[in-house]
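**Q** So that we are looking at the same thing, I have put the structure below in structure tokens.
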Amino acid sequence: MGPDLSVSKGYTPATMAALNCPLDEPLLAPGKDENHRGGGGGDDVASMEAQLLHHGKGASFSRSCLNLSNVISGVGMLSVPYALAQGGWLSLALFALVGAVCYYTGELVGRCMRADAFVRSYPDIGELAFGRGGRKAIGAVMYAELYLIAISFLILEGDNLAKLLPNTSVALPGGYYILEGKLLYILVAAVGVLPTTWLRDLSVLAYVSALGLVASVALTASLVWGGLAEHGFHAKDGNVFSLAGLPTSLSLYFVCFSGHGVFPTVYTSMRNKKDFSKVLLTSSVLCSLNYALTAVLGYLIYGDDVKSLVTLNLPSGKVYTKVAILTTLVTPLAKYALVIQPITTGIEEKLSLAGGQGGGLPRAAISTAVLVSTVVAACTVPFFGYLMSFIGSSLNVTVAVLFPCLSYLRIYMPRGVVRRREVAAICASPS
């Protein structure tokens with residue numbers, strides 16, 4: 001087993017005793033598991049894990065569903081018709097498989113969070129499983145993934161606003177430089193999203209998440225509207241299966257279910273942490289249905305001509321185009337604060353500010369600095385589709401599949417509570 005996180009976080013034996021959690025007492029008593037092995041062993045393990053689930057202040061079940069759904073459902077919805085076009089109709093089976101795998105690994109993240117009372121973040125899971133090296137490795141990949149996703153949100157805002165309001169420019173004082181097009185709108189989006197990055201309470205962010213989910217449904221409705229008004233529902237050059245486009249299709253499907261790096265944040269914010277599995281299942285099913293509907297509708301309308309952002313296929317000047325673009329503007333704004341929260345929290349911990357020293361000003365300064373850096377990066381990354389494909393093919397698969405599986409096995413196998421068929425299923429997953 002990895003190092004004792006309680007010590008690294010400043011918990012002494014006296015503190016642990018006061019919390020009725022002795023340092024020398026094993027989390028999952030192997031004797032109990034042996035007594036029940038072969039009949040109800042899984043229930044016994046779940047019962048023992050329940051010792052670590054505590055009730056208190058935090059986000060309710062419904063608000064947790066809103067937050068987690070907002071994490072899962074995002075800009076991947078704009079790329080999923082393109083992913084279907086790349087892989088063909090049979091790639092929908094691959095989409096279902098990816099969704100099932102990411103749901104299962106989300107469950108593994110929840111189990112790892114319950115493995116120790118003081119695990120509160122993804123890097124904490126890495127430290128519990130693999131020591132300080134694991135913490136650094138998992139933290140580096142997770143932060144890189146979330147950072148690139150935040151950049152993609154700003155790129156999306158700039159592209160869509162430039163399409164909605166073309167030929168707009170603003171001259172800086174003195175007239176030495178003129179902001180226009182995508183650059184101007186990236187800055188406007190950054191100013192709009194800045195206040196939400198200062199919020200720490202996810203119960204409050206649930207209201208912002210609700211706006212993002214409404215926008216996702218409205219986007220699908222606008223695609224139906226556009227299809228009925230202009231193109232009709234037929235695949236122009238639709239293909240059943242394309243092996244050459246399968247890698248792109250697979251990576252974009254993984255982008256649809258990205259967000260595992262934020263799962264511990266949502267878990268920690270919950271009032272009743274034993275409901276995490278229900279929250280995850282509800283959110284995954286709803287988001288999967290919306291993704292699949294958007295993919296099918298987008299491909300039926302535009303066929304192989306669908307672009308990496310389906311909104312770029314909509315004709316300019318139409319009412320439904322403006323509705324679609326306006327809804328896509330809401331989604332990144334609603335998700336940005338959730339995505340960068342683990343990054344800002346990690347920086348706070350590094351600077352010993354996690355306990356709230358210095359009030360809210362240091363957090364606001366850190367969040368602002370992170371936002372400014374993503375703005376600079378967004379202005380230099382021109383191709384949204386390539387960025388999303390890179391996130392899906394490399395970082396997201398690592399964070400969403402590889403790390404949860406390895407961490408779960410490393411934490412629980414020494415305790416003798418992992419069944420052989422579960423190990424086989426994990427080894428057979430497309431990690």
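Along the chain as shown, the residues are counted starting at 1.
Just so you know, glycine gets a Cβ as well, placed from its N, Cα and C.
Sharing the features that TrEMBL gives for it:
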- 58-414: domain 'Amino acid transporter transmembrane' (DOMAIN)
- 83-104: transmembrane segment (TRANSMEM)
- 137-156: transmembrane segment (TRANSMEM)
- 176-197: transmembrane segment (TRANSMEM)
- 204-228: transmembrane segment (TRANSMEM)
- 240-267: transmembrane segment (TRANSMEM)
- 279-302: transmembrane segment (TRANSMEM)
- 322-343: transmembrane segment (TRANSMEM)
- 364-384: transmembrane segment (TRANSMEM)
- 390-411: transmembrane segment (TRANSMEM)
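How about a rundown of where these features are and what they're close to?
**A** The list of residues near the transmembrane segment (83-104) in space but at least 6 beyond its ends in sequence, with Cβ under 8 angstroms from a Cβ of it, reads 238-242, 245-246, 248-250, 252-254, 256-257, 260, 280-281, 284, 288, 291-292, 295-296, 298-299, 302-304, 306, 400-401, 429-430.
Residues 59, 62-64, 66-67, 69-70, 73-74, 77-78, 196, 290, 293-294, 297-298, 300-301, 310-311, 314, 318, 320-321, 323-324, 327-331, 333-335, 337-338 of the same chain lie 6+ residues outside the transmembrane segment (204-228) yet bring a C-beta within less than 8 angstroms of a C-beta in it.
With a cut-off of 8 Å between Cβ atoms, the residues of this chain six or more beyond the transmembrane segment (279-302) that come close are 61, 64-65, 68-69, 71-73, 76-77, 80-85, 89, 92, 95-96, 99, 102-103, 106-107, 110, 216-217, 219-220, 223-224, 226-227, 231-236, 238, 256-257, 263, 266, 270, 310, 313.
Within the same chain, residues 1-2, 101-102, 105-106, 108-109, 111-112, 115, 122, 125-126, 128-130, 134, 138, 141-142, 144-145, 148-149, 152, 247, 250-255, 257-261, 418, 423, 426, 429-431 sit at least 6 positions outside the transmembrane segment (390-411) and bring their C-beta atoms closer than 8 Å to a C-beta of that stretch.
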**Q** Applying the under-8 angstroms CB criterion, which one of 137-156, 176-197, 240-267 scores highest with the transmembrane segment (322-343)?
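**A** Highest pair count goes to 137-156.
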**Q** Which stretch, 137-156, 176-197, 364-384, tops the Cβ pairs under 8 Å count with the transmembrane segment (240-267)?
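**A** Looking at each of 137-156, 176-197, 364-384 in turn, the most contacts to the transmembrane segment (240-267) are made by 137-156.
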**Q** Give the nonlocal contacts of the transmembrane segment (176-197) in its own chain as ranges (CB under 8 Å, at least six residues past its ends).
**A** 153-155, 157-159, 161-162, 165, 168-170, 205, 208, 329, 332-333, 336-337, 340, 344, 367-368, 370-372, 374-375, 378-379
